[in-house]
Amino acid sequence: MAVDDNSGPEGAGLTLVGASAAMLVAVTLLGQQDGLTGLTFNGALIGVTLGGGSALHGRPWLLSVVVALSAISAWLSRSLAAAFSRVDLPALNVAFNVLVALWTAVEASWIPPDREPPPAFPANASSVDWGLVATSVLMAPGPVYACSSVSSCCILYVAFLIFSPMLFLVSILGAAVGTLLGVALCPGTDLADLYAGLWGYCPLLTASALGSIFYVFNTQSVVLGLVGAATASLAYGALSRSFQPMGLPVLAWPFVLATWMLVANPKNSLNLTPVPLSELGTPEEVRARALQRRSTLELQAMQTLQPLQAAPRLHTPVPLSRQGVPGVPGVPVSDPIFRH
């Protein structure tokens with residue numbers, strides 16, 4: 001967990017509280033022993049989202065909200081995973097999006113907003129500052145981990161690189177595609193959101209999921225990931241304008257929608273190898289397993305064909321003369337028995 005001035009120890013603490021609450025429910029009530037990460041990361045996201053900034057200042061009761069929503073997220077994650085598995089779709093972080101959106105709507109109806117404003121950027125600038133645009137590509141992981149400084153986001157990119165160079169490549173490419181598309185789509189009054197990395201985090205997640213997680217990493221998967229990044233950027237622009245009048249955050253809905261749309265497409269039209277949810281791992285591990293499996297199948301196919309090609313003929317056909325069958329006097333070749 002990256003901690004900077006915007007998140008602070010409160011955000012990190014609530015992240016641990018959310019993950020712990022979800023894990024407790026998963027183990028004690030749901031009897032989940034394996035795959036705990038899939039049930040607990042939604043709780044961690046709830047904690048870091050609701051605990052950002054000075055969320056607990058004057059509102060200590062928010063801790064109970066984080067615990068309750070994180071506990072519910074474990075049950076909801078398992079239910080959604082079972083439901084979406086029937087149509088071969090990943091549940092992603094839908095539980096986090098649903099619960100935080102519901103809580104935000106309830107909170108906005110009876111609690112005046114007192115969150116700290118985002119970092120100061122020239123929001124009313126009429127021209128694009130390309131230096132800040134380049135910086136916003138680096139800021140793309142920030143909204144995911146509640147980081148608002150370039151240094152913290154660079155640390156996250158370094159972590160991506162150490163964990164998986166393939167994941168790092170598609171993530172930074174996705175962030176760049178989403179940010180550049182945001183330059184063309186967002187008006188000058190919304191440049192502050194662009195510079196804060198808000199147009200890049202959903203494209204980053206989408207490109208990572210499609211380019212290196214749910215498909216075996218290759219050129220086609222990277223292209224699909226970049227298409228998904230552009231789709232997520234378009235979805236962010238549309239949803240931000242739709243949700244803003246209602247006071248609702250966009251969260252990661254663009255990532256969910258874009259990933260679903262492209263994962264659900266037929267796979268046989270492209271050179272894509274889907275990765276079963278039970279076999280997810282680092283892109284390098286998944287690619288190595290896929291190449292090894294392919295080599296094994298090719299070797300088995302060659303071993304199956306070699307005996308057929310090397311098998312001797314059971315008998316050698318004897319040429320027939322026009323007068324009759326050799327060795328059988330009086331039987332002409334025109335006999336119906338020898339006609340084919």
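Here the Cβ of each residue, glycine as well, is placed from N, Cα and C on the backbone.
The compositional bias 'Low complexity' feature in TrEMBL is assigned to 324-333. Positions annotated as region 'Disordered' by TrEMBL: 319-340. Taken from TrEMBL, the feature transmembrane segment applies to 12-31, 61-77, 89-110, 130-147, 154-178, 198-217, 222-239.
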Next on the checklist: Let me check one thing: do the transmembrane segment (130-147) and the transmembrane segment (12-31) come into contact, meaning three or more Cβ pairs under 8 Å with sequence separation of at least 6?
Outcome noted: no
Checklist entry - Near the transmembrane segment (12-31), which residues from the same chain, at least 6 beyond its ends, have a CB less than 8 A from one of its CBs? => result 1, 3, 39-48, 50-51, 55-56, 63, 66-67, 69-71, 73-75, 77-78
Checklist entry - Taking 3+ C-beta pairs under 8 angstroms (sequence gap of 6 or more) as contact, is the transmembrane segment (89-110) in contact with the transmembrane segment (154-178)? => result no
Checklist entry - List, by number or range, the same-chain residues at least 6 past the transmembrane segment (154-178) whose CB is under 8 A from its CB atoms? => result 2, 137-138, 140-142, 145, 147, 197, 199-208, 211-213, 217, 222, 225-226, 228-230, 232-233, 236, 282-284, 287
